[in-house]
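Chemist: OK, TrEMBL features for this one:
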BINDING   C10, C25, H45, H65, H71, C113  Fe cation 1 binding site
DOMAIN    38-121  domain 'Desulfoferrodoxin ferrous iron-binding'
BINDING   H116  Fe cation 2 binding site
Amino acid sequence: MAKRNELYKCAESGNIVEVLVGGECGSGNMQLLKENTTDAATEKHVPVVEKIEGGYRVTVGEVEHPMTEAHSILWIELITNNNEVLRKYLDPTDRPVAEFKTDATEVYAREYCNLHGLWRSK
């Protein structure tokens, strides 16, 4: 059974969908995207969450992720204990950084790399 906020990728089209309401899907072509949390190579994919005044800053990677047409972060999101999902879409010309305003006390971040998939903060 699919759960809220899970991400699935269609094996045929490559489309990515997020579950808003849990349930069953009749199509067997959707594959659950795994939330990676360890990047042994160079720590360029795991989102780093920093508390700032009025919210949080999320930077992709301890070493900032490259942003080129061929290899980039498509979006960064912050999921909070207040049932908020805050998302920023990026262009290859942007830095892989997003700031989100929220008064939530517990959060985690996710990001999606066009080459290496879905990543979650620790």
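Note: Cβ is positioned from N, Cα and C throughout, glycine not excepted.
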Chemist: If you count other CB atoms within 10 A of each CB, which of C10, C113 wins among these binding-site residues?
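Modeler: When each Cβ's neighbours within 10 Å are tallied, C113 leads.
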Chemist: List, in sequence order, those binding-site residues among C10, H65, H71 whose Cα sits within 10 Å of the Cα of H116 (Fe cation 2 binding site).
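Modeler: Among C10, H65, H71, the ones whose Cα sits within 10 Å of that of H116 (Fe cation 2 binding site) are H71.
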Chemist: Using a 10 Å radius around its CB, how many other CB atoms surround H65 (Fe cation 1 binding site)?
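Modeler: 25, counting other Cβ atoms within 10 Å of H65 (Fe cation 1 binding site).
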Chemist: Going by DSSP assignments with H, G and I as helix and E and B as strand, what are the residue counts for the domain 'Desulfoferrodoxin ferrous iron-binding' (38-121)?
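Modeler: Secondary-structure breakdown of the domain 'Desulfoferrodoxin ferrous iron-binding' (38-121): 0 helix, 41 strand, 43 coil.
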Chemist: Would you please pick out, from the binding-site residues H45, H116, the one with the fewest other Cβ atoms within 10 Å of its Cβ?
Modeler: H116
Chemist: Can you see whether DSSP assigns C10 (Fe cation 1 binding site) to helix, strand or coil?
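Modeler: Note: C10 (Fe cation 1 binding site) is in a strand by DSSP.
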Chemist: Within its own chain, what residues at least 6 apart in sequence put their Cβ under 8 Å from the Cβ of H71 (Fe cation 1 binding site), listed in sequence order?
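Modeler: In sequence order, C113, N114, L115 meet the Cβ cut-off.
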